[in-house]
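So the structure is just underneath, and the comments pick up after that.
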């Protein structure tokens with residue numbers, strides 16, 4: 001008699017413990033019908049006990065079908081215990097992530113599964129936030145890697161060319177213009193013949209601006225294949241086109257907070273000009289293959305050796321984009337119009353070339369200077385640098401020899417701001 005009373009007491013204690021448990025407990029038969037639940041299950045799913053006892057597991061789990069239940073039941077019978085994560089739908093339609101431990105047992109010739117379920121919404125939210133943080137770290141790392149690649153190229157080119165050198169009135173005027181516009185966010189259009197040093201002007205504007213803590217990203221608009229223009233400017237997502245094996249940030253994204261330098265801006269295809277104009281007007285863009293709109297904050301400095309006014313008249317360049325770029329024009333004069341700078345430039349390039357080729361620096365004579373100043377320089381400052389580099393190579397054991405015969409001729413005069 002005492003043993004029977006103890007058994008009843010144990011049974012009541014077991015039922016009480018299950019009923020008061022913090023975890024949801026749900027009994028299902030082999031047909032997925034809910035046979036029994038505790039209070040926590042009712043609270044978790046938002047149903048009354050009576051409502052739940054009229055449902056099957058498919059009613060609360062949208063991922064469950066008859067086929068998946070059959071597979072689950074077979075696996076549970078074999079292993080006796082299964083631990084997994086799943087989602088269940090509450091009465092009001094919310095989806096709740098659950099961690100579930102299911103046990104298989106037989107009672108009075110009937111088969112049952114009893115599942116102990118715990119709400120893991122908070123844990124999933126933390127995991128999601130960590131994943132977002134990790135993704136952001138990865139994005140920033142990739143952006144820094146790309147910025148580093150671009151900056152290495154830019155630094156290499158600038159080291160080869162040197163800084164702004166000269167004392168002519170024409171150069172003094174340009175430096176005053178730079179002082180005026182650099183502290184602002186106004187777009188600048190730098191015009192001039194090829195080889196006059198337009199990129200150096202762009203770098204000087206950026207270095208004196210409020211954005212110099214961020215990089216200046218250069219885009220050579222003349223060297224990008226037409227079909228890759230959008231990807232180069234705006235970036236793309238994985239699978240956007242053949243060869244897009246991973247997400248890639250575009251030049252706009254890399255220049256965020258800094259300066260985007262559009263070199264050879266006159267070469268931008270007409271169909272892309274409208275998209276470029278939209279970014280400049282609205283400060284938003286989308287990567288190729290992506291619907292997500294991204295914001296960007298940049299300053300534009302453009303350079304061209306074309307007469308953009310003429311390009312506008314002939315329908316090859318949008319007038320609205322021209323005015324958007326041409327807020328503050330700076331025209332770099334050709335070297336033939338600033339011959340006072342030639343002695344300083346020549347000495348500067350000889351120093352750079354001697355360092356580059358590990359050679360003694362040849363002496364620049366008055367005769368050499370006169371020879372350089374009497375030349376028309378169709379290739380401008382870049383041609384001067386190349387000729388002096390060649391002179392350093394060929395003059396290692398003798399006097400400085402200047403070969404000016406290869407560059408005979410004269411560049412066509414123009415102004416992109418006419």
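Glycine is no exception: its Cβ is also placed from the backbone N, Cα and C atoms.
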Coiled coil per TrEMBL sits at which of 91-122, 123-154, 155-186? 123-154
Apart from its near flanks, which chain residues at least 6 from the ends of the domain 'PAS' (10-54) lie with a Cβ under 8 angstroms of it? 60, 64, 66, 69, 73, 88, 90-92, 96, 98, 110-119
DSSP tally for the domain 'PAS' (10-54), helix/strand/coil in that order, comes to 22 helix, 11 strand, 12 coil
